[in-house]
Amino acid sequence: MSNLDPYLLSLVVFLPLFFAGILAFIPAQEPGPIRMLSLLAALADGAVALWAWTRFEPTGPEFQLEYRASWLDMGGLSYHVGVDGLALSLVMLVALLGPVVVLASWTSVRERVKEFHLALLFLQAVTMGALVSLDLMLFYIFFEAALLPTGLLVGVWGGPMRNKASARYFLASFAGSVLMLVSLLAIYSVALPAGQRTFDYTRVFNTLQEAHRELAACRTPVAECGALSPLAQTVGTWGPWIFGGIALAFAVKSALFPVHRWLAETQSEAPRAASVLLAIKLGAFGFWRFGFPLFPDATQQFRGVLTAMAVISIVYGALMCLAQRDIRRFLAYATISHLGSILLGMLTLTEEGATGSAYHMLNQGLSTAAIFLLVGYLQEQRGSKQVQDYGGLARTMPRFAFAFVLITFSLIGLPGTNGFVSEFLVLLGAFKSNLSPVVGALAATGVILSATYMLWLVQKVLFGPVRHPENHALKDLHGREWVITVPFLVLAVVLGLKPQPILDRLEPASRRFVARSSLGMEGANPPAELLRVTSAPLPEQAARDLGPDFVQPVQ
């Protein structure tokens, strides 16, 4: 291990903030240097993320590139960062999107350029922070810090209805924030013994896991169990309430049915940069990391309700697409449908479904970002996001049409594209799981509906006659726009034809996710080595810095 490895993730998080500090001193009247510095910051952050990718060992400890430091001992807070295969894959996604959104906004943002790029850099930093956090409160701080720059991007640089969209986004996010904070404080004060209260993920997880093992062995209502430890009794009684708060918070953040309405308005009015960065599935990642594995017993209790939410999101989102004439609202409902697939993959509690869910987070982040980039390019030229204002663009914009069709195939899940691999694994997990076959059938129906509404959009926008003279003047993808589009096209094909390098990093995380989330489920017999969080041992000095009460993670 290199001496720099423990610091790579901190660099990924704080490098954009360092450049933002420099940018703050550049006069607002000089947009050129501001844009160049913002691009340099995004590229530098991407280079560090790529370095971290090369240092990750798929067969190594669960969490790697870790760094821990004491923060507020009295409150049980620590600065603890690390990544598994899923978190690192999403870090790479953010690293790709960073330079893309800067370039995509190069000429379209002409007012308050300095503030715009400060918001972008801050949003990139806190998104990275949320993905690498291994302290519950640290995750919460980064997760909620993303609210401010996203709201500002929508409210200041958004469309005509930006104030309403921004207000709805703030209200939905605030509701989720309160639920999450209360749930995390409950874990700290209720679910952990007084002498071990901490927000460190490793200690919280392993402590709760002992309680869940007792509860799994009991297999009767908590009140009827015999000699349960006080911790197991507390977790058995309060665990479902805490999990319910966490699940509802992440459902709001993910825009799952029925707490989804904010997403359509936000995406419809957001500038291109915000639409692209909203493609990162932080809410779904929260379910994966801090939801199901921490409370497997509650997961079993709420599994039916959450599965219903996932399936309804898939079908409802698809049907709502067919009723939309605003392209960006159309894509927002398509996103809701895909988020339902991601959640369903987790709820299958199979390795295939979980791996498909993890891969879907990455694939949909890429493809959704790409389609919003393309639609934003049209809107900036034409000044319209209505389907009826287009048509025949394949004749006047052939490169745009090629890119639009390929990304559409990716979103549909056409074989040979990245979307096929993840959709197939989710459906395979759904039919292989102990869920009702109806669930798998409805999920498959969602795939068919996805092809229907996306091909309808392609036909209306790209083919047929050029009905409006204004569309003859639209410029095809060229120069900077072509440069930022090509990586998405390449990845859509490469990740579809050669998914194994990514899957090699995701599959160990998926096995652990399934083993931990299904603990206590009838027929489940997860290996003991998968049930405890493992990570690289701390250097001796770091362990001393954290104090005598710190417990080294199990290897």
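Yeah, the Cβs are placed from backbone N, Cα and C, and that goes for glycine too.
No curator has checked TrEMBL annotations; they are predicted automatically.
Annotated domain 'NADH:quinone oxidoreductase/Mrp antiporter transmembrane' per TrEMBL: 133-441, in sequence order. Annotated transmembrane segment per TrEMBL: 6-25, 76-104, 116-132, 138-157, 169-191, 238-259, 271-290, 302-323, 330-349, 361-379, 400-418, 438-458, in sequence order.
For the transmembrane segment (138-157), same-chain residues at least 6 beyond its ends with a Cβ under 8 Å from one of its own Cβ atoms are 13, 77-81, 109, 111-112, 115-116, 119-120, 122-123, 126-127, 129-130, 163, 165-167, 169-170, 173-174, 177, 180-181, 184, 199, 253, 266, 269-271, 273-274, 277-278, 282, 286, 289-290. Beyond the ends of the transmembrane segment (169-191), by six or more residues, the same chain brings 76, 136-137, 140, 143-144, 147, 150-151, 154, 197-199, 204, 208, 211, 231, 234-235, 238-239, 241-243, 245-246, 248-250, 252-253, 259, 261-262, 265-266, 294 to within a C-beta distance below 8 angstroms of the stretch. It is 6-25 that, among the stretches 6-25, 238-259, 330-349, 400-418, forms the most Cβ pairs under 8 Å with the transmembrane segment (116-132).
Long-range contacts of the transmembrane segment (438-458) within its own chain (CB-CB distance under 8 A, at least 6 residues past either end) are made by residues 307, 311, 314-315, 317-319, 321-322, 327, 330, 334, 337, 340-341, 344, 387, 404-405, 408, 411-413, 423, 426-427, 430-431.
With pairs at least 6 apart in sequence, the transmembrane segment (6-25) and the transmembrane segment (238-259) have fewer than 3 Cβ pairs within the 8 Å limit; the two do not touch. When each of the listed stretches 6-25, 302-323, 361-379, 400-418 is scored by C-beta pairs under 8 angstroms to the transmembrane segment (271-290), 361-379 comes out highest.
Counting only same-chain residues 6+ beyond the ends of the transmembrane segment (400-418), those with a CB under 8 A from a CB of the stretch are 334, 338, 359, 363-364, 366-368, 370-371, 374, 377-378, 393-394, 424, 447, 450-451, 454-455, 457-458, 461-462, 476-477, 485, 488-489, 491-497, 499.
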